[in-house]
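Single-structure report; data block below.
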Amino acid sequence: MNLFNQEKNTEIQEKYKKLRSEIEYHNNLYYNEDKPIISDIEYDKLMRELKDFEKNYPELLEEKDNEKNSPTQKIGGTASEKFSKVRHRTPMLSLSNTYNISEIEDFDKRVKKIIMSEIDENNDENLEYILELKLDGLSISLIYENGELVQAVTRGDGQVGEDVTENIREISSIPKKLKEPVSLEVRGEIILPISNFNRINQEREDDGEDVFANPRNAASGTIRQLDKTIVAERGLDCYLYYLVNAENYGINTHLESIEYIKNLEFQTTGVFEKYTDFTELEKSIDKWHDKRKTLNYETDGLVIKVNNFSLYETLGYTTKSPRWAIAYKFPAEQVKTKLLDVTFQVGRTGVITPVAELEAVNLSGSVVKRASLHNFDEIHRKNIKIGDNVIVEKAAEIIPQVVNVVFEDRTGNEIEITEPINCPVCNSELSHEEGLVALKCHNPLCPEKVKRQIAYFVSRDAMNISGLGDKIVEKFIELEKIKTVVDIYSLKNYREELENLEKMGKKSVDNLINNIEASKTRDFSKVLYALGIPFVGKFNANLLAKTFGNIENLKNQSIENLLAVKGIGEKVAVAVNTFLNDENNWKIITDLQNIGLQFVIDETNLEKIADNPIKDKNFLATGKLQKYKRNDIKDIILSKGGNYLSAVSKNLDFLIAGEKAGSKLEKAEKLGIRVLTEEDFEKEFLEI
Ligand SMILES: NC(=O)c1ccc[n+]([C@@H]2O[C@H](COP(=O)([O-])OP(=O)(O)OC[C@H]3O[C@@H](n4cnc5c(N)ncnc54)[C@H](O)[C@@H]3O)[C@@H](O)[C@H]2O)c1
Ligand SMILES: [Zn+2]
């Protein structure tokens, strides 16, 4: 081999390695961390490049190690250590996919060619395709024994997945017991409905937490975490589309297998269209480009499956996917437009978010003029400059994103985006909080912060003051009658100004003032939440209020003490400590205290915590409860200083068992743990 070839060889090797590690990096972010940073389309492009590479230089794949480990040969992520691992009895495969209709036609041709021997040459009537929705969630396998749900396992790497049974039980549409005592394995997709996704992201934004990139990552992140009450709270759902070894139930086609699982009351999308004519099938693909936008769940494409099981064996499998199916992925709707400017938005906690101001453009049926750029890291990573032509993408309900810059269009006149020095609203100097990437406005009187804080303060889960909309707040900030959240309690002195506001009659002014007064009786935990301490959502506010009893006590806790509270992590502990020890915040708190808001937990409640038999005991509820929702019972126990465990172990003191309690009850009995009915629990622990 001459020198030139050798050099070229190493160059190819290097390129190949680099591409592989880039894909592996994104795989980890996507599958294991549920936090992708590139779009699926960008990812699929990289994957396509790697496949081409391996096709053009097959010697790259010949090395034994490469063959096994290349991302082109592997499925999904790795099963997390957090859950017990389960080996799938039948591997959970992926699907080969394409964005290209002509490759869908190639699939049809290939199928026909392979099965030619099976069916009469001039008569492919036997060949039926089923077109169905490709749900964008995470795949799950549900195992039933004698009609009882016994195990739910994620796909993992296709061979070994994670046991997430306990979390799955919180999804109400998944039957826990079938109407017939059959044993079967059925597969489908866990999804987060779009409406819930929007609600959760709004809440996360309000709480200063990172928002989920899309419903798939939110669903996957939710199932793969340990607190199952969160699963119930977020409202995950599940649609099934595959019965494993359906032939064993005397079923001959995919469509019949769907009918069979539907009859067992499994939820399906209901979209399983049968075609013998491929042109008709393509027409339907066209139709679904738009029709999918009416669904309350994300679909990232359509799946085309051969209907007749008798052909599956002949068609066979690759290491990653069956040859009897293919996924057609919807192209994300993208357009090119110009980045006119970057403005800066001030959030409730003062965080500055750069926003792309775009030349107005039509995208997925709506006019897009702005897109979030998230933060400066993102701007630098994508190398975005003002004046650039950029590609903007919008997937279903998701907020428009700047995908990338069209570098070929650069003229050299583009302008670097620099971090602002002053707050765009109040002009005070901005700075980075220690250890955080976010740039912040620290002025407690910044009108934009105050406006957002008030919106949060009055929201339903906080002080629940209805009638105080943004318009009124803005107006009063402008009149300098509102400077901080405290001033809303003086609005009663400005009846005339209020009545003069657009659409505000005497009656609505009365209502508003009554609502404001009524908020003075809201619980300490609600007040604590309403203060808007970063990372302190409803749950943490409740926990902190119950644990520390009053605001002074909470303020005086060291970070270590806060961390000692089960459920409070580092980020929260630091935020609470910093927030309460800030002079300006503390002034607002004392003012609110003087006005009469509740900064002490209800005394009668506190006494109960001090000497009630629940305190420090470990509980768990299982089975179908009659009087309480699972979450309510958990709340009662936590509010009385007890602990709520997630599984039966010898640490458990009491298991509250409802109807049809299954394996947990068995285990508890084996371990000699006391089992209570709901009534026992009430008598022994509540009626004292
Ligand atoms: N953005 C990123 O960084 C990143 C990283 C890794 C993967 N990804 C995305 O994930 C894809 C690869 O993931 P994958 O291997 O899970 O493949 P996939 O999600 O493209 O397709 C296979 C999966 O589709 C699901 N599915 C949904 N509806 C179905 C139906 N009706 N019938 C059968 N299956 C159905 C199943 O869960 C199956 O496992 C990539 O193409 C890319 O889009 C993105
Ligand atoms: Zn400001």
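Backbone N, Cα and C define each Cβ position, glycine as well.
Remember, predicted model here, so these are calculated numbers, not experimental data.
Record check: TrEMBL places ASP40, ILE41, GLU42, TYR43, ASP44, SER94, LEU95, ARG155, GLU189, LYS305, LYS329 at the NAD(+) site, and the matching candidate among GLU14, GLU132, GLU280, GLU357 is GLU132. Here the candidates are the binding-site residues GLU42, ASP44, LEU95. The one whose C-alpha lies nearest to that of CYS426 (Zn(2+) binding site) is GLU42. Taking ASP40, ASP44, LEU95, LYS134, CYS426, CYS446 as the candidate recorded positions, the subset whose CB lies under 6 angstroms from any atom of ligand 1 consists of ASP40, ASP44, LEU95, LYS134. The Cβ of LEU95 (NAD(+) binding site) lies under 8 Å from the Cβ of LYS134, VAL303, SER321, PRO322, ALA325, ILE326, ALA327, each on the same chain and at least six residues away in sequence. For the coiled coil (9-70), the predicted model reports an average pLDDT of 83. Shown in sequence order, VAL346, GLY350, ASN422, PRO424, VAL425, ASN427, SER428, LEU430, HIS442, ASN443, PRO447, GLU448, LYS449 are the same-chain residues outside CYS423, CYS426, CYS441, CYS446 whose Cβ sits within 8 Å of the Cβ centre of the Zn(2+) site. CYS446 (Zn(2+) binding site) is 39 Å away from ASP40 (NAD(+) binding site) when you measure Cα to Cα.
With respect to ligand 2, the recorded positions ASP44, LEU95, LYS134, ARG155, LYS305 contribute no residue with a C-beta closer than 6 angstroms to one of its atoms. Looking only at Cα atoms, CYS446 (Zn(2+) binding site) sits nearest to GLU42 among the binding-site residues GLU42, ASP44, ARG155, LYS305. For the domain 'BRCT' (609-679), the DSSP-based tally of helix, strand and coil residues reads 23 helix, 16 strand, 32 coil.
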